[in-house]
């Protein structure tokens, strides 16, 4: 008897241990969205907390989270900072892993009030889920006396344009500041400023001279840092509006005008009366003393010359776009430090370190005009799309390298011939996208992609299966938000081996980007958890579950899968 019981226990254990060996090959390795992103909420009067428990190997997109109240008023939602994730098609995106808590302040909620929460995530293995929508019932909350009304709809995804996505970082501000120091409006002033800082004294120790110059630069940096903090704080209040297409176009026009001022078409500077007052205030300070030197530096930060106004304005607009106060203050501090480094060198070592003035300083100013022109191209690229953005970058590159090449022709040194060849080659490379646009791209000769027949409902699928006339059918699910779907199109479906293997197969595709009721019904009918998912049907119109594909496959793997699948 005991032997039989022992045998039965072994049988049960072996069945449990090896059950996975007999699972259907087509079974998805991915869990449903509700298990990948476990959503929960908790309300305590005015305080509501939305929480997600994110499964290991999965992540949520920050920009895909939106919160919309109904019969309720909530404060603006501030999503926490995520971690950066980058892919080929969507670039950098902020994501959340492991756990996410979002606090929401409910100013007022009537009877039957709800909160509609939409979110979307993917798996690291290249599998993305359709947008999930949850309805959160709210308890009645009376409006506080000092509650400030907020807009009825809070779209947190609009605020997810982080400063790091802008084309230059705060470190670039240091290099720009150093470059501005060599423009014709700034460089000739350094010997004069150095003399004022030292109070006209020629015999000071090196340490004392360096200290006074450093204090002057810190005074100037304080003014710029405060300006950066103010602009960043203002930009934070209007950050969502700063992402509107009309606002982006307006900013692009402003940046273009700033660049034109660097080209000498017109002059930007403070009114002369205000500059005179600031100069008089600076002259009242005593040179050679730390306090007086610091005040002179702080006032000097307010006096913008024609060469510094445009770059400073561009950096301020960049900071306003970011809405990041730490970045705003730090960027302007580094910019002022970059402008002050040459002054410190002149104060300590004298004028012998300065290069001689000449036409080259005007060329430095013009070069900064091209740098500023890169900003409107970056902003417009969000509106006009990647293709037109590439053409604008191409046009800017041709203009810059062409100008640099023509300018270099004035040089007489032999080694400049090598520089001229490099500049000419860079201009020819930059013109390539414009050439492809005007005369057609050689890539147009690339193998054609698969010719899919679009379906969107269960009835259309059944009709297509009935019309297949004894041929096998492949159904591909596609969405614009699915990165791996785009990889399938670019790398897998364009491969000749794959196209040959699918030569006798009827190709269907369901675009579920909208994730509307029809899309949801089709996904539910076929038990599709997420994308990419590819289904195969035999000649009788029956799905072959063991052949189902979930997740990305390269051309070689997918081609082998096509040959191995059952007819």
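For all residues, glycine too, the Cβ spot is worked out from N, Cα and C.
If you check Swiss-Prot, you get these features:
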type	residues	note
DISULFID	122-128	disulfide bond
DISULFID	185-307	disulfide bond
DISULFID	482-485	disulfide bond
DOMAIN	435-567	domain 'Thioredoxin'
SIGNAL	1-19	signal peptide
TRANSMEM	170-192	transmembrane segment
TRANSMEM	212-234	transmembrane segment
TRANSMEM	246-268	transmembrane segment
TRANSMEM	297-319	transmembrane segment
TRANSMEM	326-348	transmembrane segment
TRANSMEM	358-380	transmembrane segment
TRANSMEM	387-409	transmembrane segment
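Looking at 246-268, 326-348, 358-380, 387-409, the range that has the most CB pairs within less than 8 A of the transmembrane segment (212-234) turns out to be 326-348. Among residues of the same chain six or more beyond the transmembrane segment (387-409), those with a C-beta under 8 A of the stretch's C-beta atoms are 363, 366-367, 370, 373-374, 377, 380-381, 416, 419-420, 423-424, 426-427, 429-434, 437. On the 0 to 100 pLDDT scale, the domain 'Thioredoxin' (435-567) averages 88 in the predicted structure.
Residue 128 (disulfide bond) sits 6 Å from residue 482 (disulfide bond), taking the Cα positions as reference.
In this structure, of the disulfide-bonded residues 128, 485, the smallest number of CB atoms within 10 A of the CB marks 128.
Note on residue 122 (disulfide bond): other Cβ atoms within 10 Å of its Cβ, all shown chains, come to 25. Residue 482 (disulfide bond) is surrounded by 25 other CB atoms, counting those within 10 A of its CB over all protein chains shown. Counting residues 6+ beyond its ends, the transmembrane segment (358-380) has Cβ neighbours under 8 Å at 166-167, 176, 179-180, 182-185, 187, 248-249, 251-253, 255-256, 258-264, 307, 310-311, 314, 317-318, 389, 392-393, 396, 399-400, 403-404, 407 in the same chain. Assigned with DSSP, the residues of the domain 'Thioredoxin' (435-567) fall into helix, strand and coil as follows: 56 helix, 23 strand, 54 coil. Rounded to a whole value, the Cα-Cα separation of residue 122 (disulfide bond) and residue 485 (disulfide bond) is 12 Å.
In the three-state DSSP classification, residue 128 (disulfide bond) falls within a strand.
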